[in-house]
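Undergrad: Please see the structure below; I have some questions.
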Amino acid sequence: MDFDAIVIGGGHAGIEAALALSRLNFKTLMITQNLDTIGKLSCNPAIGGLAKGNMVREIDALGGEMGRIIDFSMIQFRVLNKSRGPAVQAPRAQADKLMYQTKAKETLERQDNLDLFQDTVVDFLLNSMRNEIEGVVTERGNKFRSSVVVLTTGTFLRGKIFIGEYRADMGRLAEFSAYGLDKTLLGLGFEMGRLKTGTPARIHKKSVDFSKTEVQFGDSDIIPFSFSNGKLDKSQLSCYVTYTNKKTHEIISENMHLSPLYSGEIVGNGPRYCPSIEDKIVKFKDKDRHQIFIEPEGFNTEEMYLNGLSSSLPENIQQKLINSIEGLEHAVITRPGYAVEYDYINPIELYPNLESKRVKGLFIAGQTNGSSGYEEAAAQGLMAGINAALRLQNKKPMILTRTSSYIGVLIDDLVTKGTKEPYRMFTSRAEHRLNLRHDTSDKRLIKIGYDLGLVDEKRYSRYLFKESRVEEIKELLKQRRLSLKDVVDEQLKKHVSKDFYHILKDPSISLDNLIKIDPSLSDSKVILEQVELDVKYEGYINRQKDLIKRLDNLELVKLPFDFNYEIIEGLSREAREKFSKIQPATLAQASRIPGIRSTDITVLLIYFSNPKNKVVINFSL
């Protein structure tokens, strides 16, 4: 059977890729090993967090689905870093795992132009003359033809799980690995490696003594992840906090030789910023305790997730170390923790549009690219789906810049630097994070989603109304002046005769203070928060915008794909090798490649400034 596009895998990357392609009116097929595990939250039952929550809102602004699914399935909501500045605040929600999964599958099943099929892809159909994808072959011998393929295998490509001495060819506990494509990819010359991740044990709620733990409530005011949702009124479940102790650490240290992480069994690098409890004990010997979050997995399950206690130690040792923790003395394990090792492709094998440099029409997204996390996977899946659709239309790729989004930072880091360990997004990876606040995701990206056709007219009109109202309130603030009779407290006295706009810049004055004086300024919480942040941080934002404008000038220098950098005189040997391998899309990307000198960038600029070299440069530094 023929399709326009095929998506391999039903995880978070696959979901976004399949929906983007089908919503852009391309006949799409998703092939996954088990239709009942589409959208499964394999590890922690949560979406969002620092930088990750921003990405979920960016996905939503572009027309993706993750924000709507978590809004539907959340069981607790919190804004992280509330006491700190807006640049590092982020929404995070606990999810009902089964509800999330069910909603994801239902969304796919009801989508026009999209078929789902349960099978395992083992090979590609290729036009070897043009080095171009033409479809896939499955384990059962089915052949499906298409012009583009999006590969999102997650942890399943030659996946292997470890629990003490137990080994099994699985991508998740009780779910078989995928074989076949690994040989195809190696045969095509892809640079591949092994990575490792892990998950903690789950325990039964009735076996926890919550009186010995600290309760963590959700926020009463829920900020929807999706801009299409208004106020959310949800029942929320609490999370709980406890800590490891000296006894816990002794148990782990005494049995470290039984951990496949330290016995040499696992060769793949694990996530630096989400280490196993074994790693924590080895690398942070000075710490006498580590925080553990006991998180519910849903409304209709008694299983609890032990966030911070990922382990691949033998099951009896996991039981001992868990029972050594306060509140968990009688905890009953329902599922053991384990490590999983899997194949990945070095992402420098990809262009910035996530298309493979080796095979035309093959796009790759998610953990297959060396990233870690549901949100990182979904972001790449959406961008791969969008760019696969643009390729089908013979249109230019859509590449988000580092200054426009966390998604842009994510993909640029991956395809420019590659990775040797699971890549996780942080606010610190973005040079201009004040410009990438989660509340401005629609302002930055919704026009792109609208122009693509992934954001409908109704939703875009609602955004335009919101923005016009924000600007209207700012104008009212500039026009309204504080009179002596308005002063109700000492803080305002020094601002008499000033306009409200400049008064609001005072850190000690909130917009609520001014609304009490003039109720006509009142509006929805979302609009008022954006107004206040825009005004208070206007100076910082404008300075960042000036810097971004200068940096974006380098993005305007587009470099040709498949270019022979050996012909450019004056480049260092290292620059020639790295430019030839990575094939940067812009001068800005070239400048971010590790090891590249400023002189190499100058040489490129001079070379491509020559009109005969067919690169149009339109900027002024």
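Including glycine, each Cβ sits where the backbone N, Cα and C put it.
Per Swiss-Prot, the features are:
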- Gly9, Gly10, Gly11, His12, Ala13, Gly14: FAD binding site (BINDING)
- 270-284: NAD(+) binding site (BINDING)
Undergrad: Quick check for the class: what is the C-alpha distance, in angstrom and rounded, between Gly14 (FAD binding site) and Val282 (NAD(+) binding site)?
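TA: Distance (Cα to Cα, whole Å): 36 Å.
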Undergrad: Can you list, in sequence order, the residues of the same chain other than Gly9, Gly10, Gly11, His12, Ala13, Gly14 whose CB lies within 8 Å of the CB centroid of the FAD site?
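TA: The answer, listed by sequence position, is Val7, Ile15, Glu16, Ala17, Thr32, Ile38, Gly39, Thr152, Gly154, Gly366, Ala377, Gly381.
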Undergrad: How many whole Å apart are the CA atoms of Phe284 (NAD(+) binding site) and Gly9 (FAD binding site)?
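TA: Here the two Cα atoms lie 37 Å apart.
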Undergrad: I'd like the number of other C-beta atoms within 10 A of the C-beta of Arg272 (NAD(+) binding site), please.
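TA: Its Cβ shell of radius 10 Å holds 13 other Cβ atoms.
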Undergrad: I'm trying to understand the geometry here, so how far is the Cα atom of Arg272 (NAD(+) binding site) from the Cα atom of His12 (FAD binding site), in Å to the nearest whole number?
TA: 22
Undergrad: I'd like to know which of these binding-site residues, Gly9, Gly10, Gly11, Gly14, Gly270, is least surrounded, judged by other CB atoms within 10 A.
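TA: Comparing Cβ neighbours within 10 Å for the binding-site residues Gly9, Gly10, Gly11, Gly14, Gly270, Gly270 has the fewest.
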Undergrad: To the nearest whole angstrom, state the Cα distance for the pair Lys280 (NAD(+) binding site) and His12 (FAD binding site).
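TA: About 28 Å separates the two Cα atoms.
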Undergrad: How far is it from Ser276 (NAD(+) binding site) to Gly11 (FAD binding site), counting Cα to Cα, in Å?
TA: 23
Undergrad: In sequence order, which same-chain residues at least six apart have a C-beta under 8 angstroms from Ala13 (FAD binding site)?
TA: Val150, Thr152, Gly154, Ala365, Gly366, Gln367, Thr368, Ala377, Ala378, Gln380, Gly381, Ala384
Undergrad: Between the binding-site residues His12, Lys280, whose Cβ has more other Cβ atoms within 10 Å than any of the rest?
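TA: Sorting the candidates by Cβ neighbours within 10 Å, the top entry is His12.
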